[in-house]
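Below is one structure, written out as structure tokens; comments come after it.
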Ligand SMILES: CC(C)(COP(=O)(O)OP(=O)(O)OC[C@H]1O[C@@H](n2cnc3c(N)ncnc32)[C@H](O)[C@@H]1OP(=O)(O)O)[C@@H](O)C(=O)NCCC(=O)NCCS
């Protein structure tokens, strides 16, 4: 357990923790419920073998409420996956997780966080924008929709240091 974002986490009776392969079954259960194209067990195991930041929120009864995975690229963190347990959605946990992400980036001196989001994912886009992420580009046909169709990604970034250049 980590003593992170104590005040906001306490208000919601959750705590932050590092995640690894022992948490995989819980992560996959959420991942498979919330994504049309979920990450596989292999994707997660590969990520856990890397020096990525895998952070979860657990409720005081131990349930995994939400998680994210960040890949460092030089002075930037790239958000790889980010999800809230279906039963805990709409209660502000995404925002709490984003606050945690920013706190972590600052504490490790990363200048920014970058992410891609499906153009159709209005909910996630709204949350990212509310939090301060700005659109910096688009990737045409980045995500599969079905066997015949693909959709664009919106690329967003937020500065996590006053000196970050968001060009
Ligand atoms: C996107 C996701 C992380 C949001 O988690 P959450 O805990 O429900 O989000 P929060 O409760 O913190 O915030 C909900 C916000 O979305 C808004 N919202 C809800 N549905 C919306 C919609 N269809 N369009 C736009 N905004 C919407 C709410 O009004 C609220 O905004 P507000 O705080 O300004 O009122 C969660 O729905 C999820 O896990 N989705 C599946 C995985 C995913 O899409 N991850 C992002 C990949 S880039």
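Heads up, the Cβ atoms here are built off N, Cα and C, so glycines get one too.
As recorded in TrEMBL, the features of this protein are as follows:
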type     : residues : note
ACT_SITE : 116      : active site, proton acceptor
ACT_SITE : 128      : active site, proton donor
BINDING  : 121      : acetyl-CoA binding site
DOMAIN   : 12-161   : domain 'N-acetyltransferase'
Under 6 Å from ligand 1 by Cβ, which recorded positions from 116, 121, 128?
121
Could you measure between the residue listed as 'active site, proton donor' and residue 116 (active site, proton acceptor) for me? Cα positions, answer in whole angstrom.
11
Over the span of the domain 'N-acetyltransferase' (12-161), how high is the average pLDDT in this prediction?
96
DSSP secondary structure for the residue listed as 'acetyl-CoA binding site', reduced to helix/strand/coil, please.
coil
From the DSSP assignment alone, can you count helix, strand and coil residues within the domain 'N-acetyltransferase' (12-161)?
50 helix, 59 strand, 41 coil
